[in-house]
Structure formats: structure tokens, C-alpha cells
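For reference, the structure discussed in these notes is given below.
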Amino acid sequence: MHECMIVFFIFAVVSIYYADAESCLYLGQHCNALATKKCCPPFTCKFVNQREGICVREDPGAESCLYLGQHCNALATKKCCPPFTCKFVNQREGICVREDPGVGGGCLPDKQQCRRNKDCCSKSCYRGNCRSK
């Protein structure tokens, strides 16, 4: 009887280990924001919209931002890389464009997407948008 309990315990531990190992996703697989489909380390979920994404390998030190012509959003989940700014086509979505460097001395005006304080003319980047102090 005691031997049966030991075998059952070992089986239970091994089953839990394999269930955890299979519950995460690998490179190229679809992940989601609810973490019901999460990526296995070292992969991260690169979101294509607010709910879904694809497991990718990203340099942890690299900032994820968008370039000229790519679609950005007001939630700052898709930000433009400097020197590009998000030109909004509606209240939520826009396209990364290059601002005229003659306007504002090359800095970003209020309500434009930013990554750092120094990107903004006001020197204040708050929650991904420039704001006046």
C-alpha cells in the first residue's frame, strides 16, 4: 500500500511538471493578453492588437517602437520611434510620420506620442504623450 502511494505521488508530480511545461508557447505561436496563452521564456508576446499577439524573441534592453508608415495608437501600446510621431487619423489610431524639424525646433508638441522627457518641447513625457508642465 505504501509503495502504491509513492508511485502515485511521483506520477502526480511528473504530470504537474509536464502540464506546466506545455502551458506556455514558443516562437511564432499565438499568445494573448489574458495570459491563458503565454510565451515560454525567453520569448515575449508582441501584441498585434489589444488582445492577441505572437511569441517573439526580443532583446530585453531594446525598446519596442514603430517606424515611418507603421500604424500607432493612442494607448501608447504601439508608439513611434523618435524622430517619428503618431499622426492620428481618428481618436485612437494613427500613422508614424516624420515631423518637420523646423516646427518646434525638432521637439514634439503637446499630445504627441513620446518615449522620453527629452523628446517633448515641454520636456514632460507622461504616459506616452507630451504634456505641458
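Cβ from N, Cα, C; glycine included.
It should be emphasised that the depicted structure is a prediction, and the values quoted were computed from it without experimental measurement.
According to Swiss-Prot, the protein carries these features:
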DISULFID  CYS107-CYS121  disulfide bond
DISULFID  CYS114-CYS125  disulfide bond
DISULFID  CYS120-CYS130  disulfide bond
SIGNAL    1-21  signal peptide
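This view paints the features noted in Swiss-Prot onto the structure.
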residue: CYS107; record: disulfide bond; DSSP class: coil
residue: CYS114; record: disulfide bond; DSSP class: coil
residue: CYS120; record: disulfide bond; DSSP class: strand
residue: CYS125; record: disulfide bond; DSSP class: strand
residue: CYS130; record: disulfide bond; DSSP class: strand
Which of CYS107, CYS121, CYS130, all disulfide-bonded residues, has a Cβ with the fewest other Cβ atoms inside 10 Å: CYS121
Pairwise Cα distance for CYS121 (disulfide bond)/CYS130 (disulfide bond) [Å, integer]: 8
Residues satisfying Cβ distance under 8 Å from CYS114 (disulfide bond), sequence separation of at least 6: LYS79, PRO82, LEU108, CYS120, CYS125, GLY128, ASN129, CYS130
Residue among the disulfide-bonded residues CYS120, CYS125 whose Cβ has the most other Cβ atoms within 10 Å: CYS120
